[in-house]
Ligand SMILES: NC(=O)C1=CN([C@@H]2O[C@H](COP(=O)(O)OP(=O)(O)OC[C@H]3O[C@@H](n4cnc5c(N)ncnc54)[C@H](O)[C@@H]3O)[C@@H](O)[C@H]2O)C=CC1
Ligand SMILES: O=C([O-])CC(=O)C(=O)O
């Protein structure tokens with residue numbers, strides 16, 4: 001019997017990330033080649049003409065799995081019965097800005113969208129926030145949706161995770177596909193802590209194989225942390241296709257499972273690792289039957305504790321910065 005189509009809402013549908021993301025969702029890369037999808041696209045009124053143009057192109061692909069498209073500037077229409085909501089729409093940063101500079105500009109958007117999700121979306125909606133600053137935007141959306149389970153709200157750390165995998169594979173001379181058990185902790189910002197102490201390639205410790213603590217501190221962590229800025233510097237625009245790819249990876253793994261493998265996701269803290277409850281913090285997780293489970297019991301050494309504190313302090317100050325908005 002044909003499967004019921006899954007309703008996937010995407011905000012910022014006229015933007016550069018969406019221009020990669022929407023075609024891949026319609027192609028079945030998100031939910032598998034046996035699952036029809038309905039795209040529910042949101043953007044600002046002045047961008048709807050551009051969304052219409054993107055949808056003309058989507059039509060011209062004749063995707064067999066595409067069961068419908070909704071185009072709207074009303075968040076409640078976009079999120080109506082949504083099973084998945086990928087919140088991309090926000091102002092991106094330009095040269096010289098830090099992601100935190102976007103906090104004020106983007107916070108209000110996520111309050112409105114959280115409230116609209118609360119009202120209109122499926123009670124099981126899986127929300128991924130991509131728009132920066134992603135963790136705190138997810139926090140605002142979650143706090144603005146009191147009738148939805150907090151665990152439904154996640155932020156994208158997967159781009160950092162994928163960047164780290166690629167750097168590690170190159171350094172160690174192993175295939176990306178052989179790497180397991182990488183953790184990216186904290187905020188999607190240069191403070192994130194990509195932690196490969198537990199990572200293995202074909203069962204062998206990557207830390208032992210690389211055996212270069214100076215590289216970890218002085219090259220690897222800054223490269224992963226500042227990759228977004230390096231791409232803006234080189235391209236004049238922030239990363240788009242790689243961000244769309246990471247969004248696909250995040251949601252696909254959440255829905256379809258990771259077979260025991262670790263992925264990094266920003267999720268509301270349950271208090272583990274000393275992160276105050278509700279703060280959206282990047283953690284290693286496994287996914288099964290549509291649920292994620294945080295990997296527990298990882299010991300933090302002195303260096304890890306230092307890095308952990310820096311990224312947590314940043315998130316706590318971002319949360320404080322939006323406290324008034326949430327009253
Ligand atoms: N978490 C991550 O790893 C990454 C996050 N990003 C972030 O993703 C966001 C989007 O990036 P791009 O697609 O490159 O930007 P873009 O400027 O090309 O597109 C953004 C789109 O969002 C729309 N928009 C703005 N406010 C909106 C609202 N209230 N409701 C609906 N749509 C709205 C705009 O009209 C525009 O079409 C930025 O915040 C960027 O910093 C980018 C790369 C990676
Ligand atoms: O750096 C930016 O502004 C876009 C982004 O989040 C990334 O590429 O990681």
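Cβ coordinates come from backbone N, Cα and C, glycine included.
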(request) Please pick, from 34, 43, 83, 147, the residue that TrEMBL records in the NAD(+) site together with 12, 13, 14, 15, 16, 17, 18, 106, 113, 130, 131, 132. (result) 43
(message) Cβ under 6 Å from an atom of ligand 2: which of these binding-site residues qualify? The list is 106, 130, 132.
(response) 132
(request) Just the recorded positions from 130, 132, 163, 188 whose C-beta lies under 6 Å from any atom of ligand 1, please, or none if there are none. (result) 130, 132, 188
(message) So among 16, 18, 132, all listed as binding-site residues, which is physically nearest to residue 163 (substrate binding site)? Use the C-alpha atoms.
(response) 132
(message) DSSP secondary structure for residue 188 (active site, proton acceptor), reduced to helix/strand/coil, please.
(response) coil
(request) Report, as a single number, how many Cβ atoms besides its own are within 10 Å of the Cβ of residue 99 (substrate binding site). (result) 22
